[in-house]
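See below for the structure under consideration.
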Amino acid sequence: MFRCGGLAGAFKQKLVPLVRTVYVQRPKQRNRLPGNLFQQWRVPLELQMARQMASSGSSGGKMDNSVLVLIVGLSTIGAGAYAYKTIKEDQKRYNERVMGLGLSPEEKQRRAIASATEGGSVPQIRAPSHVPFLLIGGGTAAFAAARSIRARDPGARVLIVSEDPELPYMRPPLSKELWFSDDPNVTKTLQFRQWNGKERSIYFQPPSFYVSAQDLPNIENGGVAVLTGKKVVHLDVRGNMVKLNDGSQITFEKCLIATGGTPRSLSAIDRAGAEVKSRTTLFRKIGDFRALEKISREVKSITVIGGGFLGSELACALGRKSQASGIEVIQLFPEKGNMGKILPQYLSNWTMEKVKREGVKVMPNAIVQSVGVSGGRLLIKLKDGRKVETDHIVTAVGLEPNVELAKTGGLEIDSDFGGFRVNAELQARSNIWVAGDAACFYDIKLGRRRVEHHDHAVVSGRLAGENMTGAAKPYWHQSMFWSDLGPDVGYEAIGLVDSSLPTVGVFAKATAQDNPKSATEQSGTGIRSESETESEASEITIPPSAPAVPQVPVEGEDYGKGVIFYLRDKVVVGIVLWNVFNRMPIARKIIKDGEQHEDLNEVAKLFNIHED
């Protein structure tokens, strides 16, 4: 009895300041509880009855009083523990609020998601049972469609269902500007400084732009809601219904599929063991950028496999970083030069030399045969017998369109290009549209295509949104794409750009203003498609006073700036503007006209490449 009383007394001494509102002190009574340890508590009726029985002289005497003390003691401990827990939780919430002061909305969103997913617990946000506009996928195409729908129908209710835990964001800075940031917290803030010095977030909009998915059906003026971390696993086209991976169902009136793609791997890596796979990055998302940035500070060697846009951009970014860190950066690919599938051979070779000057060890004509582990390092064996030792691998060898919904939805997959096969209005069915990387569409000028670029996601998403609200417009606006190999070399392209096509290139000497940095300063944005997409050239005329255009340079010359025309049946179907910026409307008009040109040197005058 006295041990119990002593324990309770100890708790009382520590908890009295915390629980003053829990009990009241009564006047002193003659018949106090044994041990004289407690003030009298307000207790439940059952305990009051027990106390009355103990003090009435009923049989049991000391034993009954002992039981009462035990019961009251346990009640004291429980009440004290509850009060202590409540106060600690209040203090924790207060500290979290203080810690959150000064954080950007994007960082608050990221921390909230990270906190919610710790230990596998995900907050259960109830999806609405019905929405007028359902967008599957949370990338650029879906966001462009949502904005387009709301522009044409200001009261529209739009729900985006995204497997990605992040809100919609732009991908180009993940392989470009973010790597050149001086901010040590760039992986947390995801803010980057453009070449013109302006700060920008990779998120299209802050969390405050979106409405709650649960509240979406009841909001008077509509809005855009995003369900993150959710995947649509079943599509019923006839029933206008989808099923999510959590079992919930959503019916819709109009649906857009913008599921994007998944980075391709290499068969040699797929065959390798778990350690090789754990030390390989398939670069695509914010999480991949964060992981690779951390890895680049911890290892001595990184090998980038892939010589296209993404591979070359990442290699240059890591190479420039290596000049300060000393990390070895290797890039290998099967083509003869960087971007060999896009650029004519002479320009591909010149570009490769430029990449080398960024601090990258470039290995062309390299086909990976196997990847293993030797002496704690990764060992890449090439088909020609060469071996490459490295600490980490980054694969950038293209995308595989996400078309799983074709099976349950009964949608057609294009056998040549992959992706959902849609018409010129981007329709797969009367109530289903597809946009972005996953759409294999019919281009009324260039034929059937599938494009994996940011601006195409913007253009196709916007068109799909317009058509979902009744526009019935075909795909005719040619999207563009761009690539920067650091701040000094960049190009913009449009149409069918394939090195297997005949090309004609016209070049001139570059000036100090002919680089991506200057282009950004002029346009005000590093996402150059934002300034070029809306522009149109209404009329093309060749100025009679334009200076004469020299002959095409030969191998080994310096290709400072120029225009490369890609031909099919003597018609220009693609154009690359090499260090020539803010001229995309002219290129777009040339492709749209689809005419044969006797002298492309004259056409090159339209781009004013000889102006200082």
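Any Cβ shown, glycine's included, is placed from N, Cα and C.
Given the structure is predicted, the values throughout are model-derived calculations rather than measurements.
Annotated features, as they stand in Swiss-Prot:
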- 512-528: compositional bias 'Polar residues' (COMPBIAS)
- K108: N6-succinyllysine (MOD_RES)
- S115: phosphoserine (MOD_RES)
- S267: phosphoserine (MOD_RES)
- S370: phosphoserine (MOD_RES)
- K387: N6-acetyllysine (MOD_RES)
- T520: phosphothreonine (MOD_RES)
- S523: phosphoserine (MOD_RES)
- S529: phosphoserine (MOD_RES)
- K592: N6-acetyllysine (MOD_RES)
- 133-482: region 'FAD-dependent oxidoreductase' (REGION)
- 445-450: motif 'Nuclear localization signal' (MOTIF)
Modified residues: K387, K592 - member with fewest neighbouring CB atoms within 10 Å: K387
Sparsest Cβ surroundings (other CB atoms within 10 Å) among the modified residues S267, S370: S267
S267 (phosphoserine) to K592 (N6-acetyllysine) - Cα separation in whole Å: 40
Confidence summary (mean pLDDT) of the motif 'Nuclear localization signal' (445-450): 93
Cα separation, S370 (phosphoserine) to K592 (N6-acetyllysine) (Å, whole number): 45
Length of the line joining the Cα atoms of S370 (phosphoserine) and K387 (N6-acetyllysine), in Å: 10
DSSP-derived structure type at K592 (N6-acetyllysine), helix or strand or else coil: helix
Per DSSP, three-state class assigned to S267 (phosphoserine): helix
